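What TrEMBL lists as transmembrane segment is A:6-24, A:36-58, A:78-101, A:113-137, A:163-185, A:206-228, A:240-259, A:271-290, A:310-333, A:407-433, A:453-481. According to TrEMBL, the domain 'NADH:quinone oxidoreductase/Mrp antiporter transmembrane' annotation covers A:127-415.
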Amino acid sequence: MTALLPVLILLTSLIPAAITFFLAQDSKRLRIALNLGGAVLKLGLIVFMLAEVAQGTVHETRLEFAPGLYLLLRVDALSLLFVSLSAFLWLLTTVYAIAYLRDGPELSRFFGFFSLCVAATTGIALSGTLISFFIFFELLTLSTWPLVVHKQNAKSIAAGRSYLSYALPSGAMLLVAIVWLESAVGPVEFARPVDFGPLDRTSQQVIFALFIAGLGAKAALIPLHGWLPAAMAAPAPVSALLHAVAVVKAGAFGVMRVVLDVYGLERMTDLGLALPLSVLAALTILWGSARALQQDEIKKRLAFSTVSQVSYIILGIALASPFAVIGGLAHLVHQGLMKITLFFCAGIFDERADIRRIDQLDGIGAHMPWTSVCFSLGAIGMIGLPPTAGFVTKIYLGIGAVQADALWVLAVLGASTLLNAAYFLPMLYRIWFLQPTAATTEGAKPNERPLGLIAPAVITAFASIAVGLLAASAFSPLALATQIAERQYLR
Amino acid sequence: MLAIVALVTLPLVAALMAVVVERRGEWIALLSVIGVVIALSVLMPLVATDGPVDLVIGGWQAPLGITLRADGLALAFAGMAALVMAAVLVSARTLYGASPSEAETRGQWAFWPLALLLWGALNVAFLSRDLFNLYVALELLTVAAVALVAIEGKRESLAAALRYLMFALMGSLAYLLGAALLYAGHGTLDIGLLAARDIGDASGATGSRRASDIMAAGLMTAGLAVKTALFPFHAWLAPAHAGAPAPASAILSALVPKASFVILLRLWFEALPGLTTPALLATLGGLGAAAVFYGSVLALRQNRLKLIIAYSTVAQIGYLFLVFPLAGGDSYAQPWAAGAWTGVIFQALSHGLAKAAMFLCAGVWIIAVGNDRLSGMRGLASATPMTMSAFGIAGVALVALPPSGGFTAKYLMLTAAFASGQTIWAVVLLLGGLLSAAYLYRPLAMAFSRDDDATFAPVPRSLQVAPLLLALAAILLGLGSQAPFSLIQTGRPAAAAEGLE
Amino acid sequence: MSGLAATGFDLMLCALILGAALAAIAVRDLFGAVVFFIVYGVFVALAWLRLEAIDVALTEAALGAGLTGVLMIGAVSRLERLTSRDQDQDAAGPQSPPTSSAARIATMVGAAGIGGGLAWGFITLPPSAGLQLAVAENLAASGVENPVTAVLLNFRGWDTLLESIVLLAALIALWSLARDQDWGRRPGLRQHARPGGVMATFGRLLPPFGFLLGVYLVWTGSAQPGGAFQGGTVLAAVWLLVMMAGLKAAPRVSSTRLRWALIAGPLLFIGVGLAGAVAGTFLGLPTAYAKPLILTIEAGLTLSIAATLALLVLGAPMAGDGLGPDQPDKEPAR
Amino acid sequence: MIASATLFGLCGAALIGLGLYGFVVQAHLLRRLIAFNIIGSGIFLLFGASGARDQLASTDPVAQALIITGIVVALAATAFGVGLVLAFAKVTGQTHLPEESDARQRPLKAGLPDRSVQTIVKDPAG
């Protein structure tokens with residue numbers, strides 16, 4: 001079972017993907033059954049694995065390609081953190097997507113790539129070596145492109161082009177970093193400390209920079225974030241996938257892997273890389289928030305908000321102090337839950353009430369209460385008000401900054417929080433306190449049906465509150481993050 | 001041993017039969033495919049476990065006679081060729097298959113023997129150890145290939161065929177002259193016996209470098225480079241490959257340049273490793289790099305799908321020549337050696353499969369649209385999803401993204417580049433990959449654009465399956481790269497691991 | 001010949017060869033160039049005689065000078081008709097190269113460099129390292145006495161087999177150039193020789209002798225210079241003569257009998273090879289049966305080679321009778 | 001006194017140079033085929049002469065056999081080449097290929113490849 005389990009988890013989305021491609025457009029039931037079945041099965045297997053890992057079982061699968069080039073799936077705490085998040089959110093996103101797309105065109109293609117995308121994300125989470133990580137990382141790039149261009153209009157094709165023109169060059173840089181490193185130190189496994197002996201200091205720094213550049217495009221670090229707002233041309237479930245479940249997260253997760261398991265916090269600090277990385281993250285946080293403020297479209301504003309929020313994760317890692325690392329790790333989950341809620345809601349506004357711009361939100365709270373409540377919970381979390389998950393993150397990051405003697409970070413956090421408030425609160429104000437305009441009610445009578453559309457949003461919204469409230473419990477993301485960070489410092 | 005005989009004679013016998021038996025070419029071709037596949041499936045495991053197998057023709061050992069050797073290199077290419085030929089021959093049935101009731105037409109008669117002769121020549125070129133026998137095989141290959149270019153009889157394809165013929169004839173002559181000089185100097189044409197003479201190695205049997213040997217090596221290299229369409233001898237390739245009907249293009253682009261490349265590999269890594277100089281290796285690598293960039297830029301500027309695919313071949317062939325500076329270069333991080341050499345072979349195999357898939361896709365779309373202009377491709381993603389995915393998957397292999405065979409190739413070559421400190425070639429590999437993504441993106445995006453007014457002629461499903469299978473084979477080459485990897489290592493020349501010079 | 005006289009003769013022959021070659025390349029009139037090329041071929045055949053390579057000399061005379069010459073002359077006359085609309089730049093008119101004089105000089109220097117380099121490489125070759133000895137040692141086991149035939153049909157029979165297939169490939173390739181509407185016709189232009197003219201007379205008189213000569217060349221090839229290619233060429237010439245004299249029309253390309261004749265040689269050769277493979281050695285000729293086997297193969301090859309060569313000279317099947325207009329297509333096929 | 005073999009070998013080298021010059025400079029396709037044949041026989045002569053330098057033995061039979069094979073192969077290629085030239089002339093009325101540099105540049109100027117034959121470069125003299 002130990003060798004099989006990671007593969008099984010991978011197959012729960014790979015097999016539905018493979019079959020879905022060949023389904024006819026009208027075999028709707030089979031398609032739904034496959035995708036939901038796969039998602040439920042995956043979640044079940046992961047829960048099972050959580051229990052096994054808690055007992056100390058090591059799950060490892062190895063597939064040889066050529067000598068030195070092999071695929072290794074290995075489960076550790078960090079992978080569990082990411083894989084549980086993505087599996088949970090995938091299930092909800094699938095439900096949402098089925099409701100959202102209903103009888104649109106090319107559904108088999110869509111859901112095929114949708115599953116493939118999740119398979120790639122799972123692979124990223126479970127990868128035990130840099131090459132395995134890279135293989136799934138590129139697979140993710142490829143499988144998201146058809147989703148981004150799903151609408152097949154000029155705008156989405158342009159978005160797809162923009163996406164690839166960031167993702168492929170950065171993938172190339174990632175490959176250079178990996179090959180350069182491995183050609184000197186041998187295949188890198190995350191579970192084994194890397195012997196940097198053969199590389200001089202400058203090479204180590206350059207390779208690190210290449211790693212960050214390679215992962216930075218997906219993680220939407222400036223100046224590599226341009227594709228993310230453009231990708232809003234995709235349907236809402238895809239946005240949810242990009243921003244919360246898969247793509248952006250994969251980039252941030254990769255940075256974590258490189259910092260924690262390839263270089264190690266200590267080496268990163270010794271090489272003088274911590275400060276530049278944290279400055280980059282801080283700049284991204286501020287820039288993203290500032291740009292979000294300028295947007296009139298809801299989805300655009302949310303997209304820039306993602307640019308900013310994901311960098312909290314990287315900032316936490318870059319500060320390299322225990323609390324900051326825990327905060328960063330936990331934010332991987334927190335941001336996912338909150339941002340997916342916001343995108344689910346934005347999709348419902350768009351789909352059910354034709355609301356795309358912020359000034360159309362006036363008074364919608366009365367018409368679409370569930371959606372509005374969820375949206376508000378997500379927004380409050382993003383600002384970081386207690387007792388939401390976002391609050392937990394920011395507290396930890398703040399303490400971490402003090403620990404790391406980087407007091408300037410406190411200023412960044414403060415400024416960012418103010419900016420967050422500045423772009424979210426006006427939306428909430430419009431939703432709840434303004435009178436509906438003609439434009440708001442002009443569309444068909446807004447409703448929040450079917451259940452498949454609103455239920456995922458409600459679940460993620462309350463989950464984001466729950467992980468904040470229950471942060472102290474043993475099974476919270478924060479607890480898992482603490483466990484991961486502890487290992488770092490005990491090593 | 002019988003399997004080797006079958007490998008080289010079956011396509012030839014089938015070609016002869018296709019000449020005389022009217023309107024049955026397709027069936028004869030399919031029979032030969034089955035035969036060759038059986039032969040290969042006997043040979044491959046045998047060679048992988050027991051090492052290379054020799055076929056001493058007529059029982060006359062070299063230098064008097066000719067030896068065919070089934071080593072890993074030969075079988076890997078023969079296997080790839082068999083896959084491509086199978087797909088192409090199946091796909092060609094719609095174009096050149098004859099109905100028994102109607103009178104025979106020119107194309108229906110000529111295509112099958114030409115394709116089969118080309119296949120036979122390829123297998124001989126992969127297996128033969130005799131430089132002059134290789135010359136005859138190359139000539140057979142050239143005649144059949146040029147005829148396939150011209151088979152549609154349009155003015156463009158006739159011009160392309162003539163240009164191709166002129167280049168190829170000069171390439172043959174240069175090669176022949178080189179082989180003659182080697183024979184004159186060493187009394188043998190056998191690659192193994194030439195290797196035993198340690199040519200160019202001051203401590204070896206031949207002593208120092210001789211003018212005639214250097215000239216021979218230069219001439220053969222130039223001749224083979226012309227036939228492989230290495231920059232700057234590439235001018236003939238794109239119009240020729242794009243001018244042929246799609247199944248023929250697939251053979252021409254995927255297989256034909258590989259024959260001369262395999263000979264080139266054998267020439268330098270097996271027969272004459274002692275003659276190399278750093279300048280020569282850098283020159284060949286530099287021309288390869290130039291081909292990568294020039295071919296890619298040209299591919300970016302085309303507005304017809306087949307020309308894009310054809311210029312892509314110019315670029316992809318460039319990678320193959322990086323083997324010369326990159327081979328060897330192992331460091332302690334690599335528990336294996338010969339990374340670049342193996343990587344280049346993977347590149348050639350992966351390119352063969354993917355390129356054939358792409359041309360067959362182009363064939364499907366030409367049927368659907370009526371031409372291969374990019375502007376006509378709107379809406380094809382929805383109309384022909386299977387072909388679209390074949391094209392996309394083949395593109396993944398060409399761009400060398402994981403988990404394709406192209407990626408395995410690129411990884412091995414990149415590792416060799418870094419391990420030997422030659423990062424300049426790594427830059428070529430990476431930029432080349434990005435450029436290929438750029439030129440392949442254009443047709444892809446065009447096909448994905450919605451066009452609700454577009455109407456397409458229906459394409460039989462059987463025609464769409466072949467390219468998909470080929471493209472998947474290119475992916476499988478990466479996913480299951482262990483078996484081909486170990487096969488390629490059997491009979492690997494020492495220079496592949498030690499590096500040239 | 002005494003040494004000095006021989007060297008003198010050789011020198012003169014070299015000069016003639018080079019002169020003819022230069023003329024074939026540089027002469028302005030295309031037809032003239034072809035004539036010089038044929039003359040050149042004859043001189044080269046003489047050079048082979050001087051090198052005591054009689055088999056090569058026969059081949060060069062028959063194929064290099066003879067058949068290639070006929071082929072080229074036919075091509076010139078057809079080109080003249082096909083390109084009549086721009087006389088000045090093609091067949092009939094003077095040939096003016098597209099290259100500038102600077103480029104010509106550069107080419108000249110380059111070509112001279114390559115020729116000079118080759119000459120240097122040739123002179124510095126170590127003493128002959130040929131395979132005379134190996135051939136001589138194994139000649140007894142080969143089944144024939146002519147060492148060249150032994151190499152062609154036995155030691156390197158695989159080359160010869162492929163070579164016969166190359167010939168066939170060229171013919172298939174040539175036929176594939178026909179226009180679709182001409183498929184199934186007779187290859188080449190239909191010939192009309194004036195009845196009672198020189199051509200017709202030759203056509204009647206020569207074939208019997210030619211036929212005998214061809215068969216003799218094949219038969220004697222096992223012991224003396226000669227063999228399937230030389231004999232086949234003579235037979236091809238005979239057949240060509242008969243067809244050109246209008247005595248017998250060329251067979252249609254769709255003729256099954258013709259097609260079998262084309263593949264008979266290679267097929268027989270492969271068949272013998274495969275039989276050997278089953279017995280243990282691919283293309284292995286047991287010494288006891290080597291001679292009859294070689295003669296059988298040669299007989300088959302001669303038939304196929306003769307037919308293939310003759311048809312290669314005739315060209316692709318086409319409409320038209322050689323007298324009527326052989327115009328370029330007005331509307332280029334797209 | 002120079003041995004015949006040496007003389008004819010040098011003659012072969014000269015023929016190769018001469019033929020090469022002709023092949024590059026002549027644009028007429030039939031003339032290129034003639035040049036091709038001249039290079040070919042030059043190669044054979046050089047090859048045969050190298051096998052005949054040992055004056056005690058006769059010319060190397062293996063070299064002779066290879067040359068015979070080579071001559072046949074060259075004839076096959078020439079015959080096909082002539083057929084191709086004729087077919088090209090029949091369709092286009094031309095005996096030259098369009099400029100090669102043009103073929104290389106063409107895709108840079110415009111994406112329409114089938115202009116290759118339409119934009120045949122007029123002979124400068126014509």
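Glycine is treated like the rest: Cβ placed from N, Cα and C.
If one looks beyond the transmembrane segment (A:78-101) by at least 6 residues along the same chain, the residues whose Cβ comes under 8 Å of a Cβ in the stretch are 9, 13, 32, 35-36, 39-40, 42-43, 46, 49-50, 53, 107, 110-111, 114, 118, 121-122, 124-127, 235-237, 240-241, 244-246, 249, 253, 256-257, 260-261, 329, 332-333, 336-337, 340, 344, 347, 351, 450-453, 455-457, 459-460, 477, 480-481, 484.
Sequence-distant residue pairs (6 or more apart) of the transmembrane segment (A:113-137) and the transmembrane segment (A:271-290) include fewer than 3 whose Cβ atoms are under 8 Å, leaving the two stretches without contact. Of the Cβ pairs linking the transmembrane segment (A:240-259) with the transmembrane segment (A:310-333) and spaced 6 or more residues apart, 3 or more are under 8 Å, so the two regions touch.
Sequence-distant neighbours of the transmembrane segment (A:206-228) (same chain, 6+ residues past either end, Cβ-Cβ under 8 Å): 137, 140-141, 159, 162-163, 165-167, 169-177, 180-181, 199, 242-243, 247-248, 250-252, 254-255, 258, 262-263, 268, 271, 273, 277, 280-281, 283-284, 287-288, 303, 306-307, 310-311, 313-314. Between the transmembrane segment (A:310-333) and the transmembrane segment (A:36-58) there are fewer than 3 Cβ pairs closer than 8 Å, counting only pairs 6 or more residues apart in sequence, which means the two stretches are not in contact.
Touching of the transmembrane segment (A:36-58) and the transmembrane segment (A:163-185) is ruled out by the presence of fewer than three CB pairs under 8 A, sequence neighbours closer than 6 excluded.
Most Cβ pairs within less than 8 Å of the transmembrane segment (A:271-290), among stretches A:6-24, A:163-185, A:407-433, belong to A:407-433.
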